[in-house]
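So that you can see what the record holds, here are the features copied from TrEMBL:
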type     : residues : note
COMPBIAS : 40-54    : compositional bias 'Basic and acidic residues'
COMPBIAS : 55-75    : compositional bias 'Basic residues'
DOMAIN   : 83-111   : domain 'DEAD-box RNA helicase Q'
DOMAIN   : 114-289  : domain 'Helicase ATP-binding'
DOMAIN   : 309-432  : domain 'Helicase C-terminal'
REGION   : 1-20     : region 'Disordered'
REGION   : 30-75    : region 'Disordered'
MOTIF    : 83-111   : motif 'Q motif'
Amino acid sequence: AAMYLSPCNLSSEPSENPVALPESIHHAVCDEEEGIQGIEEGRREEEEMEEIGKVGKRKRKEEKGKKEKKRHKGKAGGILTNKLFSELAISELTAKAVREMNYTHLTQIQARSIPHLMLGSDVLGSARTGSGKTLAFLIPAVELLHKARFAPRNGTGVVAVCPTRELAMQTHNVAKELMKYHSQTLGYVIGGTNMRSEATQLVEGVNLLVATPGRLLDHLRSTSGFNYKGLQCLIIDEADHILEQNFEEDMKQIFKRLPRDRQTVLFSATQTKRVEDFANLTFGKNEERQRKLVYVGVDDSEFKPTVEGLQQGYCVIPSEERFLVLYAFLRKMQLKQKVKVMVFFSSCSSVKFHAELLNFLGIECYDIHGQLKQQKRTTTFFRFSKEEKGILLCTNVAARGLDIPDVDYIVQFDPPDDPKDYIHKSRSYCPR
């Protein structure tokens, strides 16, 4: 369920051993009696919301069952097509890995882009979050390395550039599953990690490299022995987000250093004038190459902005009561089994503040924001992804592009800066 806050229940039983709040957060907690009175007034709304939640969960389960039946019968549903992965002309090593990942049918973007990528064409793809684009570019990349019989001594044959560290890690993990039975090597270079150990790995030979723009440029400039002269394919994922993060200059420097005789793949959720200009820069000024460029998109009429069956709602709350309602809602969710909640805030400071306050009040929660060290962010991301229940507080920027499975509730504590950020959350995190 994707929603804004709605009043929930909070126990009015006094604590036998009251604890004084730290001065740094004392001002954020309302007077106990006033808070309890406000929550008591919201009991009826909370009960109604809980009932809606139960109905919504039943509907999602029914919808999931219907989709599973469609999938196994080979019928297209939503973003899926009738085309099977077993019909692709790929190696048995890749096919076996795909089967073990429990994929049977291609999504629309996969069905439209993989054939062109397998032929070595440059591709400009328009793909929204949750469309299956990661496999769309990784399967051809893995097959390219396999057919060319790349080995560590051949250096790097494919580079996939991602805008954020977490998305790079996520892409790396998908590639790891896909390359399970292949002999080619895989690695990643991202900001916030030990550059010296990354350099050692690059010198030894990484055939498929996943990277963030800044760290990739650092290694291209300074890592002696990094063999990328035989690069066959450059993949740029979420180009619009790369531009939003002001990596355009870094990407220009990367283009200058990489071999020009290569296949180039660019995916973007939006096609703005800035993205078009970036695409022209990416694919070069060669007229013949521009003429052969393949554009692949998904018809928006066939691709619903939000997930079918998703329960959405909002609640207008006085500023002084917002934290009380959030606390009450999260406390209620904490008592349930196998419920995952993500709460989005507009700034790193807000995430840090609310994480400290909620944990102090007994609401255990994870937090992800830009001021955390990379290792901590990565550890938190994977721990929450693997948990069957839990609460994650994060910023809009830190969570962009991530695919965290089986999230039951999305709470937008601060309104999103852009409607597409809200749509991204509902597509990426809520049950499909």
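Here the Cβ of each residue, glycine as well, is placed from N, Cα and C on the backbone.
Taken through DSSP, the domain 'Helicase C-terminal' (309-432) splits into 56 helix, 21 strand, 47 coil. When averaged over the domain 'Helicase C-terminal' (309-432), pLDDT in the model lands at 83. Shown for the motif 'Q motif' (83-111): DSSP residue counts in helix, strand and coil, namely 16 helix, 5 strand, 8 coil.
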